[in-house]
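The next block holds one structure in the form of structure tokens; read it before the comments.
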Amino acid sequence: MHELTLQQVNRLDDDSFVDAFGEIYEHSPWVAERARSSRPFSSVDELRSAMKRAVEDASREKQLQLLRAHPDLGERTEMTDASEAEQASAELDSLSRSQYETFQRLNETYRERFGFPFVMAVKDENPDAIAAAMERRVDHSESTEFRTALDEVHTIAELRLAERFSSE
């Protein structure tokens, strides 16, 4: 996706808006669909807030679907270009066999406990820090971890959104 200016975003038709921002939240174009009615945006932060509000105002089931749309970290599966780049920046695409097995075990434990994959904004992190966060967060209460995971999703979306805009 090429960089956009805010002026261009405000002129997009509804379908083009969803095409441009439908993957900001992993496999969840409904977020962009709900946020588009808030146009025109006076700033990128206003767009970010509209998208975040769309998630926060959604039902818990819809939020759970959003969390479940994220790939397991360190998995060697097909994922969106954005997820692939984020995981590569954290060296999760080149784990040793031992690290890979550790991530598989942690992912399985976490998913069994919470019913959704571990979500973390991993851009420019490292495998050891990510594994430590997984081990720490698996001890959270269900409500604390659900909130933490949603906050991480918002951070990921914010980073992705920033990449879409050129300086005006």
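Quick reminder: no glycine exception, Cβ is built from N, Cα and C everywhere.
These come from Swiss-Prot:
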- 70-93: region 'Disordered' (REGION)
- His70: active site, proton donor (ACT_SITE)
- 70-79: compositional bias 'Basic and acidic residues' (COMPBIAS)
- Pro71, Ser83, Glu84, Ala85, Glu86, Gln87, Phe118, Val119, Met120, Ala121, Val122: substrate binding site (BINDING)
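Residues near Phe118 (substrate binding site) in space but far in sequence (CB under 8 A, at least 6 apart, same chain), listed by position: Asp72, Leu73, Leu106, Asn107, Tyr110, Arg111, Met134, Arg137, Ala149. There are 20 other Cβ atoms within 10 Å of the Cβ belonging to Pro71 (substrate binding site). The two recorded residues, His70 (active site, proton donor) and Met120 (substrate binding site), have Cα atoms 10 Å apart.
The Cβ of Glu84 has fewer other Cβ atoms within 10 Å than any other of the binding-site residues Glu84, Glu86.
Neighbours of Val122 (substrate binding site), defined as other CB atoms within 10 A of its CB across all chains, total 24.
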